[in-house]
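Now, the feature entries from TrEMBL:
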BINDING   E60  substrate binding site
BINDING   R136, L137, G138, M139, G140, G141, G142, W143, Y144  ATP binding site
Amino acid sequence: MPAERADLLRPLRTQLRQRRRALVAAERIDAAQRLARHLLNLEFAPDDGPVAGYWAMDGEIALHAWQLGLPPGCRYCLPVLSGDRLVFAPWRPGDPLRPNRFGIPEPVVAPDALLEADAMRMVVMPLVGFDDRGQRLGMGGGWYDRTFAARRGVAPPPWLVGVGFELQRVPLPPPAPWDVPLDAACTEAGVHDFRKVER
Ligand SMILES: Nc1nc2c(c(=O)[nH]1)N(C=O)[C@@H](CNc1ccc(C(=O)N[C@@H](CCC(=O)O)C(=O)O)cc1)CN2
Ligand SMILES: Nc1ncnc2c1ncn2[C@@H]1O[C@H](COP(=O)(O)OP(=O)(O)OP(=O)(O)O)[C@@H](O)[C@H]1O
């Protein structure tokens with residue numbers, strides 16, 4: 001009997017999360033700065049409008065260098081858990097934060113300040129792993145897949161860009177029906193453009 005997909009992915013997630021946590025400070029700082037350059041130079045990087053990042057945890061590559069380098073017309077947002085999906089809240093350094101149920105900081109904002117997923121111009125998503133065809137492996141909660149289900153087989157915006165360290169690029173088993181493919185992945189090593197891949 002073939003192993004369940006979940007049984008294959010569980011040890012892979014564990015291994016990839018260990019790999020990203022094992023990087024030392026100097027490597028992370030350098031990688032985050034290189035990543036920012038690649039993100040800011042993307043062909044489809046927006047000049048204005050809301051863009052989504054995340055609050056790095058568990059060894060995830062940091063986004064502060066990207067956030068600081070964004071064009072003045074762009075509004076940096078962080079994900080906020082809402083039911084079984086993510087919505088997004090504009091956030092600047094110094095604005096209040098509160099931990100969500102996973103212990104990840106979320107902006108404290110009035111409900112009318114929250115932005116829906118389809119309002120984002122570009123979304124930078126944390127990767128546990130990714131492959132050469134633009135398939136993404138996340139923490140396993142399905143949050144990004146549920147939130148951006150409307151992008152399956154549908155053109156951007158929002159542009160979906162996965163980010164991580166190059167050591168997170170690995171072969172992945174075939175995608176699940178709900179997996180939302182990436183338009184690109186960026187790492188310290190450069191851009192992996194998936195816009196033309198066959199899938
Ligand atoms: N920085 C960051 N923010 C993010 C995500 C992410 O992967 N990284 N998410 C991406 O989806 C969403 C939150 N989803 C998450 C899903 C699982 C876990 C997690 O830590 N799971 C633990 C078990 C924790 C628990 O149940 O309390 C684990 O698997 O070890 C965290 C966030 C939105 N915000
Ligand atoms: N569009 C969807 N409709 C219903 N369930 C979904 C959908 N997308 C994801 N899921 C659920 O989410 C669970 C986790 O999916 P998956 O293993 O692909 O997570 P992931 O993409 O790695 O995690 P994340 O998006 O949180 O980073 C799946 O078991 C599935 O039941």
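Glycine is no exception: its Cβ is also placed from the backbone N, Cα and C atoms.
Note that TrEMBL annotation is computational and uncurated.
Shown on the structure are the features that TrEMBL records.
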residue	record	DSSP (3 states)
E60	substrate binding site	coil
R136	ATP binding site	strand
G142	ATP binding site	coil
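Cα to Cα, the residue listed as 'substrate binding site' and R136 (ATP binding site) are separated by 14 Å. With the fewest other Cβ atoms inside 10 Å of its Cβ, the least crowded of the binding-site residues E60, G138 in this structure is G138.
G142 (ATP binding site) has a Cβ environment of 15 other Cβ atoms inside 10 Å.
By the rule that a residue counts when its Cβ sits under 6 Å from some atom of ligand 2, the binding-site residues E60, G142, Y144 yield G142, Y144.
Listed in sequence order, the binding-site residues among R136, G138, G142 whose CB lies under 6 angstroms from an atom of ligand 1 come out as G138. Taking the centroid of the Cβ atoms of R136, L137, G138, M139, G140, G141, G142, W143, Y144 as the ATP site, the other same-chain residues with Cβ within 8 Å of it are V128, D145.
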